[in-house]
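Enquirer: I grabbed these lines from TrEMBL:
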{"type": "DOMAIN", "residues": "231-324", "note": "domain 'Transglutaminase-like'"}
{"type": "ACT_SITE", "residues": "CYS239", "note": "active site"}
{"type": "ACT_SITE", "residues": "HIS298", "note": "active site"}
{"type": "ACT_SITE", "residues": "ASP321", "note": "active site"}
Amino acid sequence: RGQPFTITVSFSTPIHNYLQQLKRTFLIAQTGSRPSKANGTQIEFPISSLGDQKQWSAALEEQDPFFWTISVNTPANAPIGQYALILHVSKSHCHLGNFTLLFNPWCQADEVFLGNEAQRQEYILNQEGIIYWGTENAVLAQPWDFGQFEEEIVDICFTLLDVGERHQRDKNHTQRKNPVYICRTVAAMLNCDEFRGILTECGTGQYYNGNRPSKWLGSSPILRQWIASQCKPVRYGQCWVFAAVMCSVLRCLGIPTRVVTGFTWAHNTNSSLSVDEYYDEDGTLLTQDKSARVWSFHVWNECWMARADLLPEYSGWQALDATCQEKSKGPSFCGPAPVQAIKEGDTEVAYDVCNFFAAINAKCQVWIQKADDNLKPALSSTKYTGNNISTKSVGSDRCEDITHNYKYPEGSLQEKEVLDKAYKKVKKLEKTSSSETQFSSIPTALEEPVNLYIQLQSKSSLLLGQDVPLSIKVFNHSGGEKATHLVVGAQSLHYNGVPITHLWKEEFHFILKSNEANNLQIFVPYSRCREELGENHLLRLTATLRDEDSFYVSFAQEEISICDPPLTIEFPENMVQYQPSTAKISLLNPLTEPLEKCVIAIAGRGLIYRQRKYR
(Lines of atoms letter the chains of each structure in order from A and count residues from 1; the text may use other names and numbers.)
(Lines give C-alpha, C1' and ligand atoms only; values in the text may rest on other atoms or scores of the structure.)
Protein backbone atom coordinates (compact mmCIF):
# COMPACT_ATOMS: atom_id res chain seq x y z
CA ARG A 1 0.00 0.00 0.00
CA GLY A 2 1.11 3.62 -0.46
CA GLN A 3 2.64 3.02 -3.88
CA PRO A 4 1.18 2.74 -7.41
CA PHE A 5 0.80 -0.38 -9.51
CA THR A 6 0.10 -0.57 -13.23
CA ILE A 7 -2.63 -2.44 -15.10
CA THR A 8 -3.42 -2.75 -18.79
CA VAL A 9 -7.06 -2.80 -19.89
CA SER A 10 -7.62 -4.31 -23.34
CA PHE A 11 -10.72 -3.53 -25.41
CA SER A 12 -12.33 -5.82 -28.00
CA THR A 13 -13.09 -2.94 -30.41
CA PRO A 14 -11.52 0.51 -30.96
CA ILE A 15 -12.08 2.84 -28.03
CA HIS A 16 -13.12 5.82 -30.17
CA ASN A 17 -16.44 4.05 -30.82
CA TYR A 18 -17.28 4.54 -27.13
CA LEU A 19 -15.73 7.90 -26.29
CA GLN A 20 -18.98 9.31 -24.94
CA GLN A 21 -19.45 6.45 -22.47
CA LEU A 22 -15.77 6.42 -21.46
CA LYS A 23 -15.97 10.00 -20.21
CA ARG A 24 -17.83 8.58 -17.18
CA THR A 25 -15.34 5.87 -16.26
CA PHE A 26 -14.43 4.84 -12.72
CA LEU A 27 -12.51 2.10 -10.99
CA ILE A 28 -13.94 0.34 -7.95
CA ALA A 29 -11.68 -1.40 -5.43
CA GLN A 30 -13.40 -3.50 -2.76
CA THR A 31 -12.40 -5.99 -0.08
CA GLY A 32 -14.19 -8.23 2.40
CA SER A 33 -17.36 -10.29 2.21
CA ARG A 34 -19.58 -7.20 2.58
CA PRO A 35 -17.78 -4.25 0.97
CA SER A 36 -19.23 -0.88 1.88
CA LYS A 37 -18.47 2.71 0.95
CA ALA A 38 -19.50 3.74 4.47
CA ASN A 39 -16.70 1.79 6.20
CA GLY A 40 -14.05 2.30 3.52
CA THR A 41 -13.98 -1.27 2.16
CA GLN A 42 -15.43 -0.18 -1.19
CA ILE A 43 -13.87 2.79 -2.96
CA GLU A 44 -14.89 4.32 -6.27
CA PHE A 45 -12.48 6.72 -7.98
CA PRO A 46 -12.28 8.23 -11.46
CA ILE A 47 -9.66 7.56 -14.10
CA SER A 48 -8.01 10.90 -14.79
CA SER A 49 -4.81 12.31 -16.25
CA LEU A 50 -3.29 12.87 -12.79
CA GLY A 51 -3.12 10.57 -9.77
CA ASP A 52 -3.20 11.49 -6.09
CA GLN A 53 -0.59 9.70 -3.96
CA LYS A 54 -2.49 10.28 -0.69
CA GLN A 55 -5.71 8.53 -1.67
CA TRP A 56 -7.15 5.97 -4.05
CA SER A 57 -6.64 7.31 -7.56
CA ALA A 58 -6.09 6.18 -11.14
CA ALA A 59 -4.09 7.98 -13.82
CA LEU A 60 -4.17 7.16 -17.53
CA GLU A 61 -0.52 6.72 -18.52
CA GLU A 62 -0.78 5.37 -22.06
CA GLN A 63 -3.54 4.66 -24.56
CA ASP A 64 -4.16 3.53 -28.14
CA PRO A 65 -7.35 2.39 -29.92
CA PHE A 66 -7.33 -1.04 -28.22
CA PHE A 67 -5.87 -0.61 -24.72
CA TRP A 68 -5.32 1.68 -21.76
CA THR A 69 -2.38 1.55 -19.34
CA ILE A 70 -3.55 2.80 -15.96
CA SER A 71 -1.50 3.59 -12.85
CA VAL A 72 -3.52 2.83 -9.72
CA ASN A 73 -2.42 4.42 -6.45
CA THR A 74 -3.37 3.11 -2.99
CA PRO A 75 -3.19 5.24 0.18
CA ALA A 76 -0.66 4.31 2.87
CA ASN A 77 -3.46 3.75 5.39
CA ALA A 78 -5.68 1.50 3.29
CA PRO A 79 -6.88 -1.76 4.86
CA ILE A 80 -4.70 -4.68 3.81
CA GLY A 81 -6.50 -7.56 2.16
CA GLN A 82 -7.52 -9.28 -1.03
CA TYR A 83 -9.24 -6.79 -3.32
CA ALA A 84 -11.37 -7.03 -6.44
CA LEU A 85 -10.82 -4.34 -9.08
CA ILE A 86 -13.88 -3.41 -11.15
CA LEU A 87 -14.22 -1.09 -14.16
CA HIS A 88 -17.38 1.00 -13.97
CA VAL A 89 -18.39 2.48 -17.34
CA SER A 90 -21.68 4.32 -17.54
CA LYS A 91 -24.16 1.79 -16.08
CA SER A 92 -22.13 -1.36 -16.67
CA HIS A 93 -19.47 -3.06 -14.54
CA CYS A 94 -16.58 -5.25 -15.64
CA HIS A 95 -14.47 -7.30 -13.21
CA LEU A 96 -10.84 -6.64 -14.21
CA GLY A 97 -9.11 -8.90 -11.69
CA ASN A 98 -7.93 -9.29 -8.10
CA PHE A 99 -4.95 -7.93 -6.20
CA THR A 100 -3.56 -8.32 -2.69
CA LEU A 101 -2.65 -5.23 -0.67
CA LEU A 102 0.03 -5.49 2.03
CA PHE A 103 1.68 -3.21 4.59
CA ASN A 104 4.60 -1.29 3.08
CA PRO A 105 7.72 -0.74 5.26
CA TRP A 106 9.34 1.09 2.30
CA CYS A 107 6.66 3.84 2.39
CA GLN A 108 7.30 6.70 4.82
CA ALA A 109 3.58 7.35 5.29
CA ASP A 110 2.90 3.74 6.34
CA GLU A 111 2.79 3.01 10.09
CA VAL A 112 5.20 0.09 9.59
CA PHE A 113 7.81 2.21 7.76
CA LEU A 114 11.36 1.06 8.57
CA GLY A 115 14.03 3.45 7.36
CA ASN A 116 17.03 1.11 7.25
CA GLU A 117 17.29 -0.97 4.05
CA ALA A 118 19.48 -3.67 5.64
CA GLN A 119 16.84 -4.11 8.35
CA ARG A 120 14.07 -4.31 5.74
CA GLN A 121 16.02 -7.04 3.96
CA GLU A 122 16.36 -8.95 7.24
CA TYR A 123 13.00 -8.39 8.91
CA ILE A 124 10.76 -8.55 5.82
CA LEU A 125 12.51 -10.32 2.95
CA ASN A 126 14.77 -12.89 4.65
CA GLN A 127 13.09 -16.30 4.58
CA GLU A 128 15.75 -18.02 6.68
CA GLY A 129 16.46 -17.33 10.33
CA ILE A 130 17.80 -18.61 13.61
CA ILE A 131 15.94 -19.28 16.85
CA TYR A 132 17.94 -19.32 20.08
CA TRP A 133 17.34 -21.65 23.03
CA GLY A 134 19.29 -23.47 25.73
CA THR A 135 20.38 -21.71 28.92
CA GLU A 136 21.66 -18.23 29.70
CA ASN A 137 25.23 -19.56 29.89
CA ALA A 138 24.97 -21.76 26.78
CA VAL A 139 22.91 -20.12 24.05
CA LEU A 140 22.21 -22.65 21.30
CA ALA A 141 21.07 -21.90 17.75
CA GLN A 142 18.39 -23.66 15.69
CA PRO A 143 17.95 -22.73 12.00
CA TRP A 144 14.39 -22.05 10.86
CA ASP A 145 12.81 -21.73 7.42
CA PHE A 146 10.22 -18.95 7.66
CA GLY A 147 9.17 -19.41 4.00
CA GLN A 148 6.87 -16.38 4.04
CA PHE A 149 6.94 -16.03 0.24
CA GLU A 150 6.32 -19.64 -0.66
CA GLU A 151 3.37 -20.54 -2.87
CA GLU A 152 -0.05 -20.28 -1.18
CA ILE A 153 1.31 -18.74 2.06
CA VAL A 154 -0.13 -15.26 1.48
CA ASP A 155 -3.59 -16.77 0.86
CA ILE A 156 -3.26 -18.87 4.02
CA CYS A 157 -2.34 -15.73 6.00
CA PHE A 158 -5.51 -13.95 4.91
CA THR A 159 -7.59 -17.07 5.65
CA LEU A 160 -6.04 -16.94 9.12
CA LEU A 161 -7.23 -13.33 9.51
CA ASP A 162 -10.72 -14.26 8.25
CA VAL A 163 -11.02 -17.13 10.75
CA GLY A 164 -9.68 -14.98 13.59
CA GLU A 165 -12.18 -12.23 12.83
CA ARG A 166 -15.05 -14.73 12.74
CA HIS A 167 -14.04 -15.94 16.20
CA GLN A 168 -14.02 -12.33 17.41
CA ARG A 169 -17.30 -11.66 15.56
CA ASP A 170 -15.52 -8.79 13.83
CA LYS A 171 -16.45 -8.63 10.15
CA ASN A 172 -15.43 -5.00 9.62
CA HIS A 173 -12.32 -5.09 7.43
CA THR A 174 -11.67 -1.40 8.09
CA GLN A 175 -9.61 -2.41 11.15
CA ARG A 176 -7.14 -4.13 8.86
CA LYS A 177 -5.48 -0.81 8.15
CA ASN A 178 -4.07 -0.92 11.70
CA PRO A 179 -0.93 -3.05 12.30
CA VAL A 180 -1.72 -3.29 16.05
CA TYR A 181 -5.07 -4.90 15.22
CA ILE A 182 -3.43 -7.32 12.75
CA CYS A 183 -0.78 -8.34 15.31
CA ARG A 184 -3.39 -9.04 17.99
CA THR A 185 -5.59 -11.02 15.59
CA VAL A 186 -2.66 -13.17 14.43
CA ALA A 187 -1.45 -13.71 18.01
CA ALA A 188 -4.93 -14.86 19.06
CA MET A 189 -4.96 -17.35 16.18
CA LEU A 190 -1.53 -18.87 16.86
CA ASN A 191 -2.51 -20.79 19.99
CA CYS A 192 -5.68 -22.88 19.98
CA ASP A 193 -6.25 -22.12 23.67
CA GLU A 194 -7.52 -18.67 22.62
CA PHE A 195 -9.53 -19.65 19.52
CA ARG A 196 -9.58 -22.69 17.28
CA GLY A 197 -6.10 -21.64 16.31
CA ILE A 198 -3.18 -22.91 14.29
CA LEU A 199 -1.22 -24.85 16.91
CA THR A 200 -1.93 -26.98 19.95
CA GLU A 201 0.40 -26.29 22.86
CA CYS A 202 1.87 -29.18 24.80
CA GLY A 203 4.29 -28.43 27.61
CA THR A 204 4.60 -31.83 29.28
CA GLY A 205 6.27 -33.98 26.61
CA GLN A 206 3.12 -36.01 25.75
CA TYR A 207 2.94 -35.79 21.96
CA TYR A 208 0.13 -38.14 20.94
CA ASN A 209 -0.80 -38.18 17.24
CA GLY A 210 1.39 -35.23 16.39
CA ASN A 211 4.83 -33.79 15.82
CA ARG A 212 7.21 -32.97 18.63
CA PRO A 213 7.79 -29.19 18.60
CA SER A 214 11.54 -29.73 18.18
CA LYS A 215 10.96 -31.68 14.95
CA TRP A 216 9.57 -28.76 12.95
CA LEU A 217 12.08 -27.21 10.55
CA GLY A 218 9.96 -24.35 9.21
CA SER A 219 6.63 -22.54 9.22
CA SER A 220 5.12 -23.44 5.85
CA PRO A 221 4.50 -27.15 6.65
CA ILE A 222 2.54 -26.05 9.74
CA LEU A 223 0.48 -23.47 7.84
CA ARG A 224 -0.20 -25.88 4.97
CA GLN A 225 -1.26 -28.65 7.35
CA TRP A 226 -3.61 -26.25 9.12
CA ILE A 227 -5.31 -25.20 5.87
CA ALA A 228 -5.41 -28.76 4.48
CA SER A 229 -7.16 -30.03 7.63
CA GLN A 230 -9.89 -27.38 7.27
CA CYS A 231 -8.36 -25.20 9.98
CA LYS A 232 -7.95 -27.85 12.69
CA PRO A 233 -5.12 -27.07 15.16
CA VAL A 234 -1.79 -28.64 14.24
CA ARG A 235 -0.11 -30.79 16.90
CA TYR A 236 2.21 -29.65 18.54
CA GLY A 237 3.80 -26.29 19.27
CA GLN A 238 5.71 -24.60 22.06
CA CYS A 239 6.84 -21.01 22.46
CA TRP A 240 9.55 -21.05 19.75
CA VAL A 241 7.16 -22.61 17.22
CA PHE A 242 4.47 -20.00 17.96
CA ALA A 243 7.01 -17.20 17.56
CA ALA A 244 8.45 -18.63 14.34
CA VAL A 245 5.05 -19.04 12.66
CA MET A 246 4.02 -15.58 13.89
CA CYS A 247 7.19 -14.15 12.30
CA SER A 248 6.36 -15.84 8.98
CA VAL A 249 2.79 -14.54 8.91
CA LEU A 250 3.63 -10.94 9.88
CA ARG A 251 6.57 -10.73 7.47
CA CYS A 252 4.32 -12.06 4.72
CA LEU A 253 1.77 -9.32 5.48
CA GLY A 254 4.50 -6.66 5.39
CA ILE A 255 5.16 -5.98 9.09
CA PRO A 256 8.88 -6.03 10.01
CA THR A 257 9.22 -8.84 12.55
CA ARG A 258 11.95 -10.75 14.36
CA VAL A 259 12.13 -13.67 16.79
CA VAL A 260 13.52 -12.91 20.27
CA THR A 261 14.65 -15.27 23.04
CA GLY A 262 15.02 -14.39 26.71
CA PHE A 263 16.68 -16.65 29.27
CA THR A 264 15.42 -17.24 32.82
CA TRP A 265 11.88 -16.00 32.18
CA ALA A 266 9.31 -15.63 34.96
CA HIS A 267 6.12 -16.99 33.38
CA ASN A 268 2.54 -16.57 34.60
CA THR A 269 3.49 -14.24 37.45
CA ASN A 270 0.29 -12.25 36.82
CA SER A 271 2.39 -9.07 36.97
CA SER A 272 4.04 -9.95 40.27
CA LEU A 273 7.72 -9.05 40.64
CA SER A 274 8.44 -12.14 42.68
CA VAL A 275 8.30 -15.79 41.75
CA ASP A 276 8.90 -18.81 43.97
CA GLU A 277 10.72 -22.09 43.41
CA TYR A 278 10.17 -25.01 45.78
CA TYR A 279 12.65 -27.80 46.51
CA ASP A 280 12.72 -30.64 49.00
CA GLU A 281 15.65 -31.10 51.38
CA ASP A 282 17.47 -33.21 48.78
CA GLY A 283 17.30 -30.41 46.20
CA THR A 284 14.53 -31.93 44.06
CA LEU A 285 12.44 -29.29 42.29
CA LEU A 286 8.79 -29.55 43.32
CA THR A 287 5.69 -28.42 41.46
CA GLN A 288 3.69 -26.77 44.24
CA ASP A 289 2.81 -23.76 42.09
CA LYS A 290 1.29 -25.18 38.94
CA SER A 291 1.30 -21.95 36.96
CA ALA A 292 3.97 -19.42 37.96
CA ARG A 293 7.48 -20.69 37.46
CA VAL A 294 10.84 -19.75 36.01
CA TRP A 295 11.39 -20.99 32.46
CA SER A 296 14.89 -21.79 31.21
CA PHE A 297 14.14 -19.74 28.12
CA HIS A 298 11.16 -18.17 26.38
CA VAL A 299 10.69 -17.07 22.77
CA TRP A 300 8.48 -14.24 21.57
CA ASN A 301 8.37 -11.69 18.72
CA GLU A 302 9.12 -8.07 18.12
CA CYS A 303 7.35 -6.19 15.34
CA TRP A 304 8.17 -2.68 14.12
CA MET A 305 5.49 0.00 13.85
CA ALA A 306 4.42 3.49 14.81
CA ARG A 307 1.94 3.44 17.68
CA ALA A 308 -0.64 5.99 16.62
CA ASP A 309 -2.65 5.11 19.74
CA LEU A 310 0.23 6.04 22.10
CA LEU A 311 2.82 8.77 22.63
CA PRO A 312 5.50 9.03 19.90
CA GLU A 313 8.29 7.66 22.14
CA TYR A 314 6.48 4.30 22.23
CA SER A 315 6.81 3.75 18.49
CA GLY A 316 9.42 1.29 17.20
CA TRP A 317 9.86 -2.31 18.34
CA GLN A 318 6.80 -3.87 19.98
CA ALA A 319 6.96 -7.12 22.01
CA LEU A 320 4.32 -9.67 21.01
CA ASP A 321 3.89 -13.07 22.69
CA ALA A 322 1.46 -15.70 21.38
CA THR A 323 2.21 -18.22 24.15
CA CYS A 324 -0.68 -18.56 26.62
CA GLN A 325 -0.42 -16.53 29.81
CA GLU A 326 -2.61 -16.69 32.90
CA LYS A 327 -3.76 -13.07 33.12
CA SER A 328 -6.28 -11.49 35.45
CA LYS A 329 -8.09 -10.00 32.45
CA GLY A 330 -7.91 -9.84 28.68
CA PRO A 331 -6.87 -12.47 26.12
CA SER A 332 -4.24 -15.09 26.89
CA PHE A 333 -1.59 -13.62 24.56
CA CYS A 334 0.44 -10.48 25.31
CA GLY A 335 1.16 -7.37 23.27
CA PRO A 336 2.04 -5.57 21.20
CA ALA A 337 3.85 -3.82 24.06
CA PRO A 338 6.35 -1.02 23.31
CA VAL A 339 9.82 -2.26 24.21
CA GLN A 340 10.72 1.27 25.32
CA ALA A 341 7.79 1.25 27.78
CA ILE A 342 8.99 -2.10 29.19
CA LYS A 343 12.46 -0.66 29.74
CA GLU A 344 11.16 2.50 31.41
CA GLY A 345 8.70 0.66 33.67
CA ASP A 346 5.67 2.39 32.14
CA THR A 347 3.47 -0.49 33.22
CA GLU A 348 0.14 1.15 32.43
CA VAL A 349 0.90 1.38 28.68
CA ALA A 350 -1.07 -0.87 26.28
CA TYR A 351 -0.79 -3.71 25.63
CA ASP A 352 0.41 -5.87 28.55
CA VAL A 353 3.60 -3.94 29.34
CA CYS A 354 3.10 -4.98 32.97
CA ASN A 355 3.32 -8.69 32.04
CA PHE A 356 6.55 -8.31 30.05
CA PHE A 357 8.04 -6.06 32.73
CA ALA A 358 7.37 -8.61 35.47
CA ALA A 359 8.64 -11.56 33.40
CA ILE A 360 12.09 -10.00 32.94
CA ASN A 361 12.41 -8.16 36.27
CA ALA A 362 11.03 -10.63 38.82
CA LYS A 363 13.35 -11.96 41.51
CA CYS A 364 13.19 -15.65 42.36
CA GLN A 365 12.93 -16.82 45.95
CA VAL A 366 13.92 -20.43 46.65
CA TRP A 367 12.01 -22.30 49.36
CA ILE A 368 12.92 -25.61 50.98
CA GLN A 369 10.06 -27.90 51.98
CA LYS A 370 11.00 -29.71 55.17
CA ALA A 371 9.96 -33.27 56.07
CA ASP A 372 7.09 -31.84 58.15
CA ASP A 373 5.87 -29.86 55.07
CA ASN A 374 6.93 -26.52 56.55
CA LEU A 375 8.56 -24.10 54.11
CA LYS A 376 11.82 -22.33 54.91
CA PRO A 377 13.60 -19.79 52.70
CA ALA A 378 16.86 -21.13 51.29
CA LEU A 379 20.11 -19.25 51.80
CA SER A 380 21.15 -18.70 48.20
CA SER A 381 22.22 -16.02 45.78
CA THR A 382 19.39 -14.15 44.07
CA LYS A 383 18.17 -15.66 40.81
CA TYR A 384 17.51 -12.84 38.33
CA THR A 385 15.20 -13.14 35.34
CA GLY A 386 15.35 -11.62 31.87
CA ASN A 387 18.94 -12.46 30.92
CA ASN A 388 20.76 -12.58 27.57
CA ILE A 389 17.77 -11.44 25.51
CA SER A 390 18.91 -12.46 22.04
CA THR A 391 17.99 -12.25 18.36
CA LYS A 392 19.67 -12.91 15.03
CA SER A 393 21.83 -10.04 13.78
CA VAL A 394 20.98 -8.14 10.61
CA GLY A 395 22.71 -9.66 7.60
CA SER A 396 24.61 -12.36 9.51
CA ASP A 397 24.12 -15.49 11.60
CA ARG A 398 25.66 -13.85 14.66
CA CYS A 399 23.65 -13.77 17.89
CA GLU A 400 22.91 -10.19 19.00
CA ASP A 401 22.28 -9.44 22.66
CA ILE A 402 19.46 -6.86 22.95
CA THR A 403 18.96 -7.04 26.74
CA HIS A 404 19.82 -3.32 26.93
CA ASN A 405 16.65 -2.56 24.92
CA TYR A 406 14.51 -4.13 27.66
CA LYS A 407 16.21 -3.18 30.92
CA TYR A 408 18.96 -1.09 32.46
CA PRO A 409 22.06 -2.89 33.79
CA GLU A 410 21.45 -5.02 36.89
CA GLY A 411 22.16 -2.98 40.02
CA SER A 412 22.44 0.35 38.20
CA LEU A 413 20.87 3.58 39.44
CA GLN A 414 18.61 3.67 36.35
CA GLU A 415 17.31 0.19 37.14
CA LYS A 416 16.49 1.21 40.71
CA GLU A 417 14.65 4.31 39.47
CA VAL A 418 12.61 2.26 36.99
CA LEU A 419 11.65 -0.32 39.62
CA ASP A 420 10.74 2.42 42.10
CA LYS A 421 8.60 4.11 39.45
CA ALA A 422 6.81 0.84 38.68
CA TYR A 423 6.04 0.26 42.39
CA LYS A 424 4.71 3.81 42.86
CA LYS A 425 2.42 3.51 39.84
CA VAL A 426 0.97 0.29 41.16
CA LYS A 427 0.42 1.68 44.65
CA LYS A 428 -1.33 4.67 43.12
CA LEU A 429 -3.52 2.34 41.06
CA GLU A 430 -4.39 0.35 44.17
CA LYS A 431 -5.52 3.51 45.97
CA THR A 432 -7.48 5.11 43.13
CA SER A 433 -9.09 2.13 41.43
CA SER A 434 -10.02 -1.49 41.79
CA SER A 435 -7.51 -2.56 39.17
CA GLU A 436 -7.05 -6.32 39.06
CA THR A 437 -3.48 -6.13 37.77
CA GLN A 438 -1.19 -5.50 40.73
CA PHE A 439 2.50 -5.90 41.42
CA SER A 440 3.75 -7.47 44.59
CA SER A 441 7.03 -6.35 46.04
CA ILE A 442 10.35 -8.04 45.56
CA PRO A 443 11.05 -10.47 48.44
CA THR A 444 13.32 -8.97 51.01
CA ALA A 445 16.72 -10.52 51.63
CA LEU A 446 17.15 -12.75 54.66
CA GLU A 447 18.52 -10.97 57.68
CA GLU A 448 20.00 -14.15 59.20
CA PRO A 449 23.81 -14.21 59.11
CA VAL A 450 25.05 -16.66 56.48
CA ASN A 451 27.51 -18.96 58.23
CA LEU A 452 27.59 -21.73 55.65
CA TYR A 453 28.16 -20.85 52.03
CA ILE A 454 28.14 -23.09 48.96
CA GLN A 455 29.27 -22.70 45.36
CA LEU A 456 28.32 -25.03 42.52
CA GLN A 457 30.01 -24.93 39.12
CA SER A 458 29.72 -27.03 35.99
CA LYS A 459 30.26 -26.70 32.27
CA SER A 460 27.41 -24.76 30.71
CA SER A 461 26.94 -27.34 27.95
CA LEU A 462 28.11 -30.87 27.26
CA LEU A 463 27.95 -33.22 24.30
CA LEU A 464 25.48 -36.08 24.52
CA GLY A 465 27.14 -39.11 26.08
CA GLN A 466 29.56 -37.26 28.36
CA ASP A 467 29.58 -37.51 32.15
CA VAL A 468 28.68 -34.24 33.87
CA PRO A 469 31.57 -32.78 35.95
CA LEU A 470 30.64 -30.84 39.09
CA SER A 471 32.82 -28.62 41.23
CA ILE A 472 31.47 -27.83 44.70
CA LYS A 473 32.99 -25.54 47.31
CA VAL A 474 31.60 -25.21 50.83
CA PHE A 475 32.71 -22.63 53.40
CA ASN A 476 32.20 -22.34 57.13
CA HIS A 477 32.36 -18.66 58.08
CA SER A 478 31.17 -19.18 61.65
CA GLY A 479 33.32 -19.08 64.74
CA GLY A 480 32.79 -22.76 65.54
CA GLU A 481 32.90 -26.24 64.11
CA LYS A 482 29.94 -27.37 61.98
CA ALA A 483 28.61 -30.87 61.32
CA THR A 484 27.21 -30.63 57.79
CA HIS A 485 25.12 -32.69 55.42
CA LEU A 486 25.57 -32.08 51.67
CA VAL A 487 23.19 -33.47 49.03
CA VAL A 488 24.05 -33.08 45.34
CA GLY A 489 21.44 -33.95 42.72
CA ALA A 490 20.61 -33.85 39.02
CA GLN A 491 17.12 -33.51 37.61
CA SER A 492 15.85 -33.35 34.02
CA LEU A 493 13.25 -30.71 33.21
CA HIS A 494 11.26 -29.20 30.40
CA TYR A 495 12.19 -25.75 29.15
CA ASN A 496 9.16 -24.31 30.95
CA GLY A 497 10.44 -25.30 34.39
CA VAL A 498 8.31 -28.44 34.74
CA PRO A 499 10.46 -31.24 36.24
CA ILE A 500 10.61 -34.55 34.38
CA THR A 501 12.37 -36.87 36.80
CA HIS A 502 15.10 -36.99 39.43
CA LEU A 503 18.07 -38.69 37.76
CA TRP A 504 20.86 -38.88 40.32
CA LYS A 505 21.72 -38.04 43.93
CA GLU A 506 24.77 -38.31 46.16
CA GLU A 507 25.11 -37.43 49.85
CA PHE A 508 28.11 -36.40 51.95
CA HIS A 509 28.58 -35.91 55.72
CA PHE A 510 31.62 -34.03 56.98
CA ILE A 511 32.86 -31.73 59.71
CA LEU A 512 33.84 -28.18 58.78
CA LYS A 513 36.10 -26.36 61.19
CA SER A 514 35.80 -22.61 61.75
CA ASN A 515 36.66 -20.65 58.57
CA GLU A 516 37.44 -23.88 56.73
CA ALA A 517 36.62 -24.62 53.08
CA ASN A 518 36.07 -27.99 51.44
CA ASN A 519 36.33 -28.66 47.69
CA LEU A 520 34.66 -31.61 45.97
CA GLN A 521 34.95 -32.81 42.37
CA ILE A 522 32.04 -35.05 41.37
CA PHE A 523 30.88 -36.65 38.12
CA VAL A 524 27.26 -37.39 37.24
CA PRO A 525 27.45 -40.50 35.04
CA TYR A 526 25.76 -40.19 31.64
CA SER A 527 24.25 -43.64 32.17
CA ARG A 528 21.99 -42.09 34.85
CA CYS A 529 20.77 -39.36 32.48
CA ARG A 530 20.32 -41.08 29.13
CA GLU A 531 16.78 -42.43 29.53
CA GLU A 532 14.80 -39.32 30.47
CA LEU A 533 16.64 -36.22 29.31
CA GLY A 534 13.50 -34.68 27.85
CA GLU A 535 13.00 -32.94 24.53
CA ASN A 536 15.17 -29.92 25.32
CA HIS A 537 17.96 -31.89 27.05
CA LEU A 538 18.07 -29.59 30.08
CA LEU A 539 19.52 -30.61 33.44
CA ARG A 540 19.04 -28.80 36.75
CA LEU A 541 21.99 -29.45 39.07
CA THR A 542 21.45 -28.65 42.76
CA ALA A 543 23.44 -28.71 45.98
CA THR A 544 21.88 -28.34 49.43
CA LEU A 545 24.07 -27.87 52.50
CA ARG A 546 22.53 -28.27 55.97
CA ASP A 547 24.02 -27.43 59.31
CA GLU A 548 22.69 -30.21 61.52
CA ASP A 549 22.28 -27.69 64.39
CA SER A 550 20.20 -25.26 62.32
CA PHE A 551 17.03 -25.50 60.24
CA TYR A 552 18.40 -23.21 57.52
CA VAL A 553 19.63 -24.72 54.25
CA SER A 554 22.27 -23.23 51.95
CA PHE A 555 21.38 -23.84 48.34
CA ALA A 556 23.04 -23.55 44.92
CA GLN A 557 21.83 -24.47 41.44
CA GLU A 558 23.10 -24.61 37.87
CA GLU A 559 21.35 -25.40 34.62
CA ILE A 560 23.16 -27.05 31.72
CA SER A 561 22.32 -28.10 28.17
CA ILE A 562 23.15 -31.55 26.84
CA CYS A 563 23.84 -30.95 23.14
CA ASP A 564 23.08 -33.36 20.33
CA PRO A 565 26.01 -34.14 18.02
CA PRO A 566 26.09 -31.69 15.09
CA LEU A 567 25.01 -32.62 11.60
CA THR A 568 27.40 -31.46 8.87
CA ILE A 569 26.31 -30.73 5.31
CA GLU A 570 28.74 -30.68 2.38
CA PHE A 571 27.88 -29.47 -1.12
CA PRO A 572 29.94 -29.94 -4.28
CA GLU A 573 32.11 -26.98 -5.28
CA ASN A 574 30.11 -26.39 -8.45
CA MET A 575 26.34 -26.73 -8.82
CA VAL A 576 24.45 -26.15 -12.09
CA GLN A 577 20.99 -24.65 -11.99
CA TYR A 578 18.20 -27.12 -12.87
CA GLN A 579 20.66 -30.04 -12.79
CA PRO A 580 20.71 -32.72 -10.04
CA SER A 581 23.41 -32.39 -7.39
CA THR A 582 24.44 -34.52 -4.44
CA ALA A 583 24.83 -33.24 -0.86
CA LYS A 584 26.62 -35.21 1.85
CA ILE A 585 25.07 -35.17 5.33
CA SER A 586 27.12 -36.75 8.10
CA LEU A 587 26.78 -37.38 11.83
CA LEU A 588 29.36 -38.64 14.31
CA ASN A 589 27.75 -40.88 16.93
CA PRO A 590 29.29 -39.85 20.30
CA LEU A 591 27.73 -42.75 22.20
CA THR A 592 29.22 -46.14 22.94
CA GLU A 593 26.10 -47.80 21.58
CA PRO A 594 24.73 -47.85 18.01
CA LEU A 595 21.96 -45.48 16.95
CA GLU A 596 18.97 -47.33 15.51
CA LYS A 597 15.84 -46.35 13.53
CA CYS A 598 17.41 -43.02 12.54
CA VAL A 599 15.42 -40.49 10.51
CA ILE A 600 16.95 -37.42 8.86
CA ALA A 601 14.49 -34.67 7.93
CA ILE A 602 15.67 -32.26 5.23
CA ALA A 603 14.26 -28.99 3.98
CA GLY A 604 15.93 -26.77 1.40
CA ARG A 605 13.86 -24.14 -0.39
CA GLY A 606 14.91 -23.95 -4.01
CA LEU A 607 16.83 -27.23 -3.70
CA ILE A 608 14.23 -29.87 -2.86
CA TYR A 609 10.44 -29.82 -2.93
CA ARG A 610 9.13 -29.18 0.58
CA GLN A 611 10.38 -31.40 3.42
CA ARG A 612 11.72 -34.92 2.98
CA LYS A 613 12.52 -37.66 5.46
CA TYR A 614 15.18 -40.31 4.97
CA ARG A 615 15.24 -43.42 7.17
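Glycine is treated like the rest: Cβ placed from N, Cα and C.
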Enquirer: Given CYS239 (active site) and HIS298 (active site), what distance in Å do their CA atoms have, once rounded to a whole number?
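Expert: Cα-Cα distance, CYS239 (active site) to HIS298 (active site): 6 Å.
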Enquirer: Could you tally the C-beta atoms, other than its own, that fall within 10 angstroms of the C-beta of ASP321 (active site)?
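Expert: Result for ASP321 (active site): 29 neighbouring Cβ atoms inside 10 Å.
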Enquirer: Whole-number Å distance between the CA of ASP321 (active site) and the CA of HIS298 (active site)?
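Expert: That separation, Cα to Cα, works out to 10 Å.
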Enquirer: Looking at Cβ-Cβ distances, which residues of the chain lie under 8 angstroms from HIS298 (active site) while being 6 or more apart from it?
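Expert: For HIS298 (active site), the qualifying residues are CYS239, THR261, GLY262, TRP265, HIS267, ASP321, THR323, ALA359.
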Enquirer: Just counting, how many other CB atoms are there within 10 A of the CB of CYS239 (active site)?
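Expert: Excluding its own Cβ, CYS239 (active site) sees 27 Cβ atoms within 10 Å.
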Enquirer: Report the DSSP secondary-structure composition of the domain 'Transglutaminase-like' (231-324) as helix, strand and coil residue counts.
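Expert: The composition, in the requested order, is 18 helix, 42 strand, 34 coil.
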